[in-house]
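Chemist: Pulled these from TrEMBL:
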type   : residues  : note
DOMAIN : A:100-203 : domain 'LicD/FKTN/FKRP nucleotidyltransferase'
DOMAIN : A:214-252 : domain 'LicD/FKTN/FKRP nucleotidyltransferase'
SIGNAL : A:1-24    : signal peptide
């Protein structure tokens, strides 16, 4: 059986390459490939110098708002519901695309505690693999995604923006450590997306599973993969395989056990982080039915 | 010569066997001796030796300078001279060596054996003190335990499978038995031999595997089939966890039948062997392995209390349904401050911690209950082939490294909680 396959396969490849060559010759060149000053390099060697400019900027009023979409912070009681929908819409979009993504850092720690966002933390960290960031860049950079959200009139629109400097694969690019953003255009809140890449330097030294991010975090393939399926903010999410080990390495054992943190106390009965100070005792977290977002913008391309 | 005047019998004195050099002293005459050799032999030991002491060294200039002391100490104070003579004496040196080595070995025994144990004991006691919990801010296991798809946290063994409370004296094979088997790792031949050794009877005996049935060894699929054939119980080991997680992801990504696509995508964990095994497993076999819980609650067994089976270990003081699954499948040690379990060997073994916790619990229960043993937990586990067989009061480690040429171990528990250990030797599969 395989003999016959091996016979016709080279022929098929040849045919495809000829067809591809003809097609390329017939059409006008691709828009981006004739641009002379573009950070993305199609020569196949990749850029040799890190970018001189920062691509993503933080707003002047808060480091975790996008200044293009907001002029002030959200009121405290509105922040958490916005963040919940932000991560849900992101996870839902990636799942629909078949694009691999998982939570990391502070968000993974929040998942460990009660599978909910920390009420004091606006920062949501997710990671994607390198094929995923390439796919998102090719097909979905600067695309808007609208979702109907129960209780929110008109729903919300989210923007996926890729940092074009993602193709520079070195930690020397200290100004562009974040590879993409998922931005809530109604509030300016956003998710940081970083791509996890093979660490070529360490691999040359014999560390065959070495991975790195441009934010100088290093991992091993076996720490992250195979990803586990769990839930975060009542939504399906993927979790790195060795989550306890990763969390303990990054934050120390106490982060997994201390019930007092950032003016909040973890209530072992309700399994919720309650504000510690009296005047903030009102419950920030709405209990009850979960408002799941529903996508209205169709997705044209899928990763698989 | 006046020195020798106190001798009672100068004749006998002269009968001593002098060395040749004493004759050169020219102090004594030996004429009598030479004339009468026989009388010399007969009278030689007639008096105690002390009677022959002459203290000649005090007067004879020949001995004024001892060959061992080359330094002229005559100008030094007397106590220094005394000290010097003591130190230079051979017997003293011998004693110094002996006593020093005794001292050093005592110190080493204290420093490297006794002290660490005492310190560890104290540290464990401190780690289990509820007052310390407040100081360190909390212990492991307070979080809302995350759930994973396709993973069962806790199962309870069907109570009808438990052995009877009283041993039957009439017929050995009438009662039910539980056979706990350590990490098999696909060593099917050894498993079959072990079942023979235990004279396994499918009608009365129930098999319980401590996880890691699969991977590494020659016939993982065969071992799963054997376990399914006998409706065995099992727990999820770290190897099942890897292979099954990979398999679920491969099924979701539709790469089960496409080795090229899957293997080309290398930065998804380098598990060539595990991927291969994931493909070899049929859906039925994988589904069966998926039903193996992280924690198997066996129930009450006479003399063992509450028996629980896990692959690697448990954190004491945490409910079974709140034990973190990754830790249960991987732990070897614990961080004493926070009780956070670790997959590395650095730190206090979880078994020491667990046993201490249970014995403290036993002590406190004895004050209020008559029979507290039923309220204590015994953990049967595998995973730690490096420590090999480790049978303690409340923890029974039965992974004896079958895959690497060690043994395969079965802990057989019969009526009345009677425990027997059965082992078979294994071939070394590491070279294949």
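A Cβ is built for glycine as well, from the same backbone N, Cα and C atoms used for every other residue.
Since this is a predicted model, take the numbers as computed values, not measurements.
I'm curious about the neighbourhood of these features; can you describe it?
Modeler: Averaged across the domain 'LicD/FKTN/FKRP nucleotidyltransferase' (A:100-203), pLDDT in this predicted model comes to 91.
With a threshold of 8 Å between CB atoms, the same-chain residues lying at least 6 positions outside the domain 'LicD/FKTN/FKRP nucleotidyltransferase' (A:214-252) that come near it are 84, 87-88, 91-92, 95, 100-105, 107-112, 115-117, 127, 169-171, 173, 176-179, 194-196, 199, 202, 207, 290, 292.
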Chemist: Tally the residues of the domain 'LicD/FKTN/FKRP nucleotidyltransferase' (A:100-203) by DSSP class, grouping H, G and I as helix, E and B as strand, and everything else as coil.
Modeler: 29 helix, 41 strand, 34 coil
